[in-house]
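Notes for the one structure printed next.
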Amino acid sequence: MSDLGAVVALLLWGQLFAVDSGNDVTDIADDGCPKPPMIANGYVEHLVRYQCKNYYRLRTEGDGVYTLNNEKQWTNKAVGDKLPECEAVCGKPKNPADAVQRILGGHLDAKGSFPWQAKMVSRHNLTTGATLINEQWLLTTAKNLFLNHSENATAKDIAPTLTLYVGKKQLVEIEKVVLYPNYSQIDIGLIKLKQKVPVNERVMPICLPSKDYAEVGRVGYVSGWGRNANFNFTDHLKYVMLPVADQYDCIKHYEGSTVPEKKTPKSPVGEQPILNEHTFCAGMSKYQEDTCYGDAGSAFAVHDLEKDTWYAAGILSFDKSCGVAEYGVYVKATSIQDWVQKTIAEN
């Protein structure tokens, strides 16, 4: 059984639930757990109930309760001898973000409000963001992955050049990088870790939504390790609160404007913001606070009050605004949901 689960002991209505002994269930008739007394017109059943540690939940079609049968096998009425699994909880930070001021310099995340936020360092020590979506996979942008790589670079070329941190500067090893097939139109890539990361209050994935949360006016939170108001990379995770903007206004804002292209190496994704049906904009041009260089790859996190769960409505793709009256551009999570699930299942 996984060390994320445990077996608990309960004596309830004459039914004995087996003793908790870590990952091993003791013989119920040994000296550590004596046989219960018999009752008239009744009998004793030996039952175990599987439970998960904090920040994990039981995944099973049954109820997690197993009975010892005559063949001395633990079975569940619904799933037989198939054991349940403990899967990581997503989108349930212990200390969720408060409704605070929007600041480019950022509000310090001292409480672990964004446990899905990862820090990625690419070639030549450039800091960018990534977003944990389960225990072993993260989303980031194709632009981030191609930083300081030539347009001919492959995913295999890129993976060894990246350094990734989760939680409080916890270094994790990267197994592979997977680029979205049409990354010139949908600026997204996936990162697979060599090992699953233990989930706790500092490290927790954000949930991917089944519906589109990128509605005009909806407020989301974006955390990151990008440049601050002095254009220096920060050593502390910061966050900003931004509203989803009208797409027409955003497109109109960027019409005719360009971002200087780097001469070498040239990225196959390009430097300009990608605006299409798979993206949305956030930020309002009358404000002078926003995301900045190095924040790309971070989630536009929204709080569903009914479910009390945080979802990634999008992933920040274009982060060049830096408080100069421009919009940030995000890839919609709903546009990549099927690809993400398929890629994870195949790898």
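Every residue gets a Cβ built from N, Cα and C, even glycine.
According to Swiss-Prot, the feature disulfide bond maps to CYS52-CYS86, CYS250-CYS281, CYS292-CYS322, an assignment based on similarity to another entry. For 31-88, the entry in Swiss-Prot reads domain 'Sushi', with the evidence type sequence analysis. The N-linked glycosylation site annotation in Swiss-Prot covers ASN125, ASN148, ASN152, ASN182, ASN232. If you look up Swiss-Prot, you'll see 103-347 marked as region 'Serine protease'. Residues annotated as region 'Interaction with CD163' in Swiss-Prot: 259-264. Residues or ranges marked as signal peptide in Swiss-Prot (evidence: similarity to another entry): 1-18.
Closest to ASN152 (N-linked glycosylation site) by Cα-Cα distance, out of the recorded positions CYS52, CYS86, ASN125, ASN182, CYS250, is ASN182.
For the recorded site, CYS250 (disulfide bond), the DSSP three-state label reads helix. The recorded positions recorded for this entry are CYS52, CYS86, ASN125, CYS281, and the Cα of CYS281 lies nearest to that of ASN182 (N-linked glycosylation site). Cβ-based crowding with a 10 Å cutoff singles out ASN148 as the top-ranked of the glycosylation sites ASN125, ASN148, ASN152, ASN182. When DSSP labels each residue, the domain 'Sushi' (31-88) comes out as 0 helix, 23 strand, 35 coil, counted as helix, strand and coil in that order.
Considering only the recorded positions CYS52, CYS86, ASN148, CYS250, CYS281, the residue whose Cα is spatially closest to the Cα of ASN125 (N-linked glycosylation site) is ASN148. Highest local Cβ density among the disulfide-bonded residues CYS52, CYS86, CYS250, CYS281 belongs to CYS281, counted as other Cβ atoms within 10 Å over all protein chains shown. Considering only the recorded positions ASN148, CYS250, CYS281, CYS86 (disulfide bond) has CYS281 as its nearest partner by CA-CA distance. In this structure, the C-alpha atom of ASN148 (N-linked glycosylation site) lies 26 angstrom from that of CYS281 (disulfide bond).
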